[in-house]
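Right, one structure below, let's go through it.
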């Protein structure tokens, strides 16, 4: 979701300060269900399970014959907004979709409720609501053209282009209009949409963002991840395939292939960090992939030490794998405060300065005099990693060896990931040795790109001619040209080199 | 503002019960200012002064070069939402417009924040925001056509048609597009709009709703009523004329006449009830017109009595006039509880049953044994009037004579007034004598339509060939055919007779 | 209620700015009912009718056998806090009392919820809750003694002394303990209290603050004013007499006289400003007394003019009287914005500077070229009076004559009235002529103290030997020595002279 | 904290449904600091680190010369209430104390803000505030006596007795009064208190609840656990000894022994579950003790299996120990949803029925066909354990072996722990084999009481003559007779047998 138009409607109540969590972030999660009683409750639960994909805001749309389309959109967590009886009663019907969104870096505190999905459009043949995970790379250009032809945009979201393209389509059904619209957009899109009687799921040809299909009794479910099926007791059927559109009614599921065939390249970072460890992605348990990354790391970059400590919670599976492979004991040297929320509200300077201590603490007596292998999933700006290392050394650790469960993060992502600018990425500015010095650790090793591919099941590592995944943040190899960003001055790898 | 599209986004927090206040209600107030420091504060004050024209929600848009267009929209009173420093700081700039809206009968508790004006549109040549007071009578038809041509409506408001018509116009400037758009709409509209550098005011050819022009230092102001000029210390210059468009920059005020000339017919109910008594309308003080209505009433329908008592606060000016003309003392026989808000939040049944007692009380010792002339501005459903009469009689009054400062309210209004259905209007179902019996009063008299016209300065009363005001609620004489309503089954007078 | 102890628990959410309303204020209203179904709803309505006696906070206590004593206390208006079903359901029972409080000058924004009444105490024979209107003049001394003997105060309210004195009493019943406690306090107190099965009402020997008794079906009601009986449809029986205690069960009403007899001296300011015009006090309609003050003023201080205008709403009854006596027409030259609440929340500097314009506006065309008699109930600091006069003159009035419906306010009150320090009182610093000049009016006249007494029915005016009312704010004649204040340096009249 | 008095002031806004988390809960955490700039920020951070000891409400009191004692108390998390600049600015001073509380079983949703600590008392020699962790076992008796002698209780907390005993003491200093008061109470108490210039810490003679001393620059800190020292960067000095009182000024720390000497018996459940794993208690790292419990469990109750899975997060350290000792791999077979808060607000029935799924999910592909050892810290009612086992079996696990890191929980605790009634405790109703069948697992083993003692460092296990810890929940051996509960009908072990 990128920002274009000059109207801003700030969410004023949200005087919050984001944690310096120094991670890449998935920008959205989507969910839809059809053929169940009180669809809204299931959508709420599904979004709750997908909360890690977006914490800023969420929305639900449902439909029944008596009340038509009903919508609710809110800032904040699903558990705080979408679980109360009084709210869910405003969302009757057996069909519904929902969306959670992350606040993008540029728009922190700048989001208005009108930017919150699902978006709704009324067409001559009836209404439709859509929820979009991913980012369109030609949205600026499309927006200019649509405005030139009389479209009124209500949000700053790239996703709104899809609704306007549908409105201008000559297609006679909403699925036809959606096909026509999505053929004009470029970038990453996993879309869940609904009409009065149909639930629609689409995944872009490369399948960059995930989307899965499940069964709940007589009903059918679409969700970004399988963990959202588990929470409602739904059975996982299969993934929506890259380039596939499914049109689901209470009676049947139809599958279409509206796009030209290309080799899929799902985003490899879903395994590294975005997806929940209990989700299954591409037939592989995310937890087991992460544990395998840890094993590969131990094979690639062994070191003598007394314990393996994860940076909780994201480094835990890889640390378990590293420990299992190396035989060095796995220990909880760092403990996470479970009461840290997404934010503190307007903290004083003194509190802000406590930084990482507000969420992490070390086990002093455990670390004292020990050689410690720290495992984290990634290094982005490096600021948090340095603070954690400081805490470990202040606790009396003899040595700190840093092992990172992803290759160096060098390039920006344009397909729906929130991350700092390239200038802020530590690995974009320093060699590995410079990073080691900057972090002040005895050794620093990232998993190799081939090791990462091996962990996700590619035995021969990455095939540079034909890579199986979207991995541009590590390689600069963009599967879709980021037109909007090039227009704004971004230089892709070949141009940059 | 009428409601069309099937998407509903209920304002859930608003579990409120409206007072049975049994009045006609103005649906909106508009305000705009250019050429002043911190325009938003002035817009907030102007809207506060216009709060009687709409209590449900309000919005403000401003613009400056650095931040572009900024918007805030909120449910509730201006004083509770738009006076805080933290909010007004999000609305920088020397130009701004604002809108307050009343919740229409059909949509109570059904309004979403996306229905709250000002509306914003981004065009090829830049953005524009508009605030509309009035109601379009061909909005349904326009909406269907626009949707058929690919427009995506975001609200259920008729006012949004104007933005979409502008978006589709080939006009090269925003004022040109607005002219073209407004030539296609029918009904009542007093519009205040803004671009990055221009403030625009337009009044429909009949001038049904008011709009005035003022000067504040170097700046220029547009407002629904003069009381909104007074609160900020602005000087009243003149009314915007029916059919006039003014385009105001920091340098100059240009006046256009984009519509065909017709004889103006401003709404006479602005004098009877809608406008504040301290406003000046059509060159006449609203308070003095209402006092004159009271005098006319005393001339037309005298009665022997001990005191003249207004139903506070709306009946007060006419009661003063009646007292002055008749020589019968003016007394506060009924007292209003100043702490009654627009609503009680989720009251118990017991509290709801107290009804009118929650806001009015009688002066028992004053009324005891007395012959009382009660003066109210209008009778709509008659339910409240009956309860008030009961209170007065229970207090021991000897006789109650009811005098009404408007003719019987028989017909619906379609130009921006919120009122019950025609079936609920007491005067649409009963003769004057039947009403007197229903109300249980010793005598009941309404001012005549000619008496009302005399009070507003037409010495010869109403000219039936060429009436000077829109007075359809009394006469059934609609100056503009209410197309949307006829399509929905409404039968105008000639057809009904 | 005065403030002693050093613990402060600020109501942080209340970032509000008080209107410069430049009035004396009643500090509290009390209400109690026994023998009705769902007592809490009636208490809520009674407090709503008494809201003018205290707007900062309110509380209700009820009792039934199953749930025992239940309490709710809240900041803000009764209508916003105490009318919802969910809250009233937490207050079951057929007996209940309530209290509304005004924020005292010294403690604005400093009140904690623990300062909000009713107060509750558990004694060996069971619990009791009390609600107190008035102020104790020996509270500081009592508090010191009680603390010395081991009492733990939870609030900063003088009223809490009563509960501690009851706790230390050897009385065998709660009414006995209350008698013993109240014999030790000095000052003004109208108390409504409750045990599990009894409603108790007490008024201090001078009867400074009002308290009335009513009947509602089988039930019995106590309230500060009769308007609180009217709202629930209760019948007014009689006033609680000065020095009387009534103990009311579902079966009977017992009356006691626990104090030494003295000649009563109710507060005359209840007539001038505090009580609602629709209340009956001392057998006299408050509205009629105020109208009579206006007549006396017209007799004492006539002047040739074109109209009599009240400063709304408090000056209206006197203006009606002045007009009736003088024959000069009564007109609404000043109009009050009915949407002004108690406060604006954190207004910007620009908004704050608008001052009196935010709540009052003038009828320009009405005032232009006219000689105007302005009537207000009192002049306190004079700041608001001056601003109003400015507005009237700016509107083009030829002359402004100020008439005040009370004598000059020179002395502080210590019996439950919120007012500025003596240094801030205009009349304490200036002669009448100096005030006239300061205000910039053509003439300024206050009603005489004798005229005021005549208006309340004392045909011979004030008897200086034996005045019928507490009138110290005008005369400096304190019926009870203000011990706490003398200790803090206040010099009564004799000492001052 | 037990409940006595019949006044209830429900926290209405808190329509929440507690998770069925099926654990014992610590009831409070305390913190104090002296000699630092802006003490309140440090107190807030310390309470945030102690949030696991109480999530319902919290409070802070500070003092400085200019503003005296200042207090803030709130429902909800520290991070949501006590970190904002605007609130912390109301709490100036270099000395402060704070308290977090858990809602006790009997009073869920029944707590009023006046039950929230710290409590404050004003004595002849000045004010004092106290925060109490623990529970008094003779509070009912003390309360009756104090009320009989005229004390007014404001809360239903047993802790308030301490303030009233101090108020009645003849001691000349506050520390002296506190000594005298605490000699009269029985039960568990770790108290942090403050006067204008002194910070006081006391631990009951048995040292049941923890209390530690730290240094922060020139300042001194008291806290329930060392993790609260870590978060503010304070250095751990030592524990306050059982039976010790420390009186800390900016100049010095004085130590007193006001009680008779007895052999200490700190609560062993602090190691099992209450304290955070990163805290150090009795010289032992809590994490390492829990890991050692896991090792002892593996020695006592080995079983062949494919993996060791903790019930997150509380079972994790013991699972690591079990894995290390047994050589069976540690795996994350169960994943916790990090966005589960303490509660869902008013969830629908459908959502409530999802139960444990809302916070836990299983890794299906990992568990499929595997023999799984589940490790949890305790079994209380057994309801959650059964649901977790169901999830694991539904995921396809071949066998589930349950290992519990504490002995069977059979007896109630009366010293500050929130737990179900004895009737609800699974182990109080069933033998181990019956529990195994009820839970439906292949094997069920608890650590032995001797094994637990060995894990905390008692090499010879528990000495039944002279046990080193308070372990009554496992043994029924109460170190202090629970008088209040015996009075209410509780039968201790000897009586029960």
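Each Cβ is built from the backbone N, Cα and C atoms, and glycine gets one as well.
What TrEMBL says about this one:
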- C:28: active site, nucleophile (ACT_SITE)
- C:314, C:376, C:377: Mg(2+) binding site (BINDING)
- C:28-251: domain 'Glutamine amidotransferase type-2' (DOMAIN)
According to DSSP, collapsed to three classes, what secondary structure does residue C:376 (Mg(2+) binding site) have?
strand
Which of these recorded positions, C:28, C:314, C:376, C:377, are close to chain A by Cβ (under 8 Å)?
none
Taking only the Cα atoms, work out how far residue C:314 (Mg(2+) binding site) lies from residue C:28 (active site, nucleophile), in Å, as a whole number.
18
Return the residues near residue C:377 (Mg(2+) binding site), defined as same-chain residues 6+ apart in sequence whose C-beta is under 8 angstroms from its C-beta, sorted by sequence, else 'none'.
C:23, C:272, C:273, C:290, C:311, C:314, C:315, C:318, C:404, C:405, C:406
Please report how many Å separate the Cα atom of residue C:376 (Mg(2+) binding site) from that of the residue listed as 'active site, nucleophile', as a whole number.
23
Taking DSSP three-state, what's the residue listed as 'active site, nucleophile' in: helix, strand or coil?
strand
Summarise the model confidence on the domain 'Glutamine amidotransferase type-2' (C:28-251) as a single mean pLDDT, whole number.
94
Beyond the listed site residues C:314, C:376, C:377, identify every same-chain residue whose Cβ lies within 8 Å of the center of their Cβ atoms for the Mg(2+) site.
C:23, C:273, C:310, C:311, C:315, C:318, C:375, C:378, C:404, C:405
Cβ neighbour count within 10 Å of the residue listed as 'active site, nucleophile':
25
Lowest local Cβ density (other Cβ within 10 Å) among binding-site residues: C:314, C:376:
C:314
